[in-house]
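Visitor: Take a look at the following structure, please.
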Amino acid sequence: MAKKVALAYSGGLDTSVCIPILKEKYGYDEVVTISVDVGQPEEEIKRADAKAEKISNKHYTIDAKEEFVKDYVFPLIKANGSYEGYVMGTSIARPLIAKKVVEAARKEGAVALAHGCTGKGNDQLRFEAVFRQTDMDVIAPMREMNLTREWEIDYAKEHGIPVEVTKSKPWSVDENIWSRSIEGGRLEDPSFVPPEEIFEWTTSPEKTPEQPRIVDIGFEAGVPVSLDGEKMSGYALVKKMNEIAGENGVGRTDMIEDRVLGLKARENYEHPAATVLLAAHADLEKLVLTRSELKFKKIVDDQWSELAYYGLVDEPLYADLNAFIDKSQERVTGTVKVRLYKGALTILSRSSPNALYSEDLVSFDSQTIDQKDSEGFAKYHGFQARMYRKVMDKQ
């Protein structure tokens, strides 16, 4: 019986060179490649399919776009998911991709699982958090052979593997419907100014439309369900928001990121829809949740984001946090109006049937509340600080 290994396959340089390496260096008879569609460009999927058909023994392309948005992106929105300002597009997709690879591997009777992640990044941990739940061997050629980008390019040429990257432009790009990451090459120098050519989803602000774009975003139970009153599927909504916000230059991040291993990395991201939807959701929460809920949920959201960034979505705590978050989102229903203009996002208004805000009570022109009633509260506000000052003054 053929000795099979299942490889998480993107069609990029790293995973493409893994195919001959797994045969030549590791002794596997067959390499089964699995590409998981979580919203990459259609041409990227087709390119990966065409390449895999030539160099792998068998190839799967699994459509997980709607599942990704429904089960991973929407929970991220409800949790205001962010790690050091990063919207975690790559992070949140890896567990789903890994799970789909495991499913295909079992179907094929593979004895091992492989990925093309390096030993310096986070993705190795995210994939293996899922892979190591199985009894299959886990292979990481990039890490185990300590491979460099230049070596991979030369190796690919020797084996007739077409590559899109070059030694002068060795950008590593990862895309899904939630974000696009660009790293590698000169981008690793934090003092290097990224060339405009690395951006594809977002228009440079000086080239955006001269008129602002106003969008109404409808939410139900913490999840975006409509744009300008038009209801649509989760995937379609995120895709449309990417187009609208990207055209107006919204959603670029250039940051120094603390990886799980402790290394600092320079990262460039594009995430138009994520920028807008996360901001709109957080704003709506402020309208409908109590001060205590918002304060505690911030702690929960931060812990949720860290687990998601680490790829630990099978941790019991992750499910516990989601239970609280889901309960908190039951009232997060309403509409947020945003303006997108020259790279800037502005929240214009928000409304909800569950709003805790009362225009009548808060108005300076209203006498619904007798202002004198707050005098008793004011007398004791800062009471302990006053007592402390008296004690200190006696010393």
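Each residue, glycine too, has its Cβ placed from N, Cα and C.
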Visitor: Of the residues Gly89, Gly109, Gly116, only one is listed by Swiss-Prot in the ATP site with Ala8, Tyr9, Ser10, Gly11, Gly12, Leu13, Asp14, Thr15, Ser16. Which is it?
Guide: Gly116
Visitor: Check Swiss-Prot: it lists Tyr86, Ser91, Asn122, Arg126, Ser172, Ser181, Tyr269 as binding L-citrulline. Then name which of Glu103, Glu158, Glu257 it lists for that same site.
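Guide: Site partner of Tyr86, Ser91, Asn122, Arg126, Ser172, Ser181, Tyr269 for L-citrulline, according to Swiss-Prot: Glu257.
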Visitor: Which residues, in sequence order, are found in the same chain with Cβ within 8 Å of the centroid defined by the Cβ atoms of Thr118, Asn122, Asp123 at the L-aspartate site, excluding those residues themselves?
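Guide: Output for this site, in sequence order: Cys117, Lys120, Gly121, Gln124, Leu125, Arg126, Arg259.
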Visitor: For the L-citrulline binding residues given in the record (Tyr86, Ser91, Asn122, Arg126, Ser172, Ser181, Glu257, Tyr269), what is the largest pairwise C-alpha separation in angstrom?
Guide: 19
Visitor: Could you check which of the binding-site residues (Ser91, Asn122, Asp123, Ser181) sits closest to Ser16 (ATP binding site), going Cα to Cα?
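Guide: In terms of Cα distance, Ser16 (ATP binding site) lies closest to Asp123.
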Visitor: For Ser16 (ATP binding site), what is the secondary structure state per DSSP, taken as helix, strand or coil?
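Guide: It is helical.
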Visitor: Have a look at the binding-site residues (Asp14, Asp123, Glu257) and report the one with the fewest Cβ neighbours inside 10 Å.
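Guide: Result for the binding-site residues Asp14, Asp123, Glu257: minimum number of other Cβ atoms within 10 Å at Glu257.
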